[in-house]
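Enquirer: My questions all concern the structure below.
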Amino acid sequence: MSTAGKVIKCKAAVLWQLNKPFSIEEVEVAPPKAHEVRIKMVATGICRSDDHAVTGSIAVPLPVILGHEAAGIVESIGEGVTTVKPGDKVIPLFTPQCGKCRICKHPESNFCLINDLGKPKGMLLDGTSRFTCKGKPIHHFIGTSTFSQYTVVDEIAVAKIDAAAPLEKVCLIGCGFSTGYGSAVKVAKVTPGSTCAVFGLGGVGLSVIMGCKAAGASRIIAVDINKDKFPKAKEVGATECINPQDYKKPIQEVIQEISDGGVDFSFEVIGRLDTVVAALLSCHGACGTSVIVGVPPDSQSLTVNPMLLLSGRTWKGAIFGGFKSKDSVPKLVADFMAKKFSLDPLITNVLPFEKINEGFDLLRSGKSIRTILTF
């Protein structure tokens, strides 16, 4: 029996208050309006950015359905939708691609102006929500809200992918893998034979290492205070691993000493101000590039001596690995299907969706790289 055009009642993980567990609730998901798509979720990853929203490090209006790294199947479409149809396998895009704004038309940038990241409204483009719980509207999260059996997204925020793709793996292309991999190959533009340092060895950090390796880096130094993460870092391409706690001097001085004055490319994949500076200082003062990948705490500032850049360093950042989402996600899935990279090393835990709080406990304890929730 078709559900198209009807309200769907389903389970979703609702965050009612900051720093509280998710509550599995029955929610009502309204049909998609014009240029919107309703998706039946199949798998969603738990990303550190979701936890940043739980703690308030990323500001979000409450109550909210979080989740942004996922894959599913189109259940129904609103009027005027042309890029997907019911039954298509898709990945929602937290960085949309409208194709019309100044940024979408820019050859190098991808941060579409129609995003809900900077000052989130928690609504779809028409300013309203498709979620209701206990008679109250529930906010969307960066246009995706994948911690729900069904979600509604704007057409500019969804990409059709290969019908044969395993959704419980390629969901990582919706955020973590692409963010890390693209930071190396597209944002930093790592060169063959170069030296790299990667701060933070979670799922995104490991994806940065995979990107550095794919780009031909000859030396990849992995940095983390959790040495349990070192074997996996080496498995995906790190040539050496160092723990800042093993040294009396600052880690940037250690890296400068072992890399002839600094690496060619450094990446901060944690989201801490002290490591952002350490990563910047770890790249060579005259020719190094440092990329901010991790999401830093909202409304915190940094004091940096401009002389650090005057000598020739480059300091940059990007959302979603610099990839134009609607164009790039299908290609990344095709590359995965062609075995150009593996996502298996990133997936450490698979849990049923109802165990979402357990999945977040694994993330916070450092015991998982990526936990996938299946519906």
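Positions of Cβ are set from backbone N, Cα and C atoms, glycine also.
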Enquirer: Which residue of Arg38, Arg102, Arg370 does Swiss-Prot report at the same NAD(+) site as Gly200, Leu201, Gly202, Gly203, Val204, Gly205, Asp224, Lys229, Val293, Gly294, Val295?
Expert: Arg370
Enquirer: Which of His35, His68 does Swiss-Prot put in the same Zn(2+) 1 site as Cys47, Cys175?
Expert: His68
Enquirer: Taking the center of the Cβ atoms of Cys98, Cys101, Cys104, Cys112 at the recorded Zn(2+) 2 site, which other residues in this chain have a Cβ no more than 8 Å from that point?
Expert: Pro96, Gln97, Gly99, Lys100, Arg102, Ile103, Lys105, Leu113, Ile114, Ile156
Enquirer: Checking your reading of the structure: which of the recorded positions Ser2, Cys98, Cys101, Lys340 lie inside a 10 Å Cα sphere centred on Val204 (NAD(+) binding site)?
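Expert: Passing the 10 Å Cα cut: none.
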Enquirer: Restricting the comparison to the recorded positions Cys98, Cys112, Lys234, Val295, which residue's C-alpha is spatially nearest the C-alpha of Cys175 (Zn(2+) 1 binding site)?
Expert: Val295
Enquirer: Find, for the listed recorded positions His68, Lys234, Lys340, the residue with the lowest Cβ contact count at a 10 Å cut-off, counting only other Cβ atoms.
Expert: Lys340
Enquirer: Just give me the nearest neighbour of Cys104 (Zn(2+) 2 binding site) among the recorded positions Ser2, Lys234, Val293, Lys340, Cα to Cα.
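Expert: In terms of Cα distance, Cys104 (Zn(2+) 2 binding site) lies closest to Val293.
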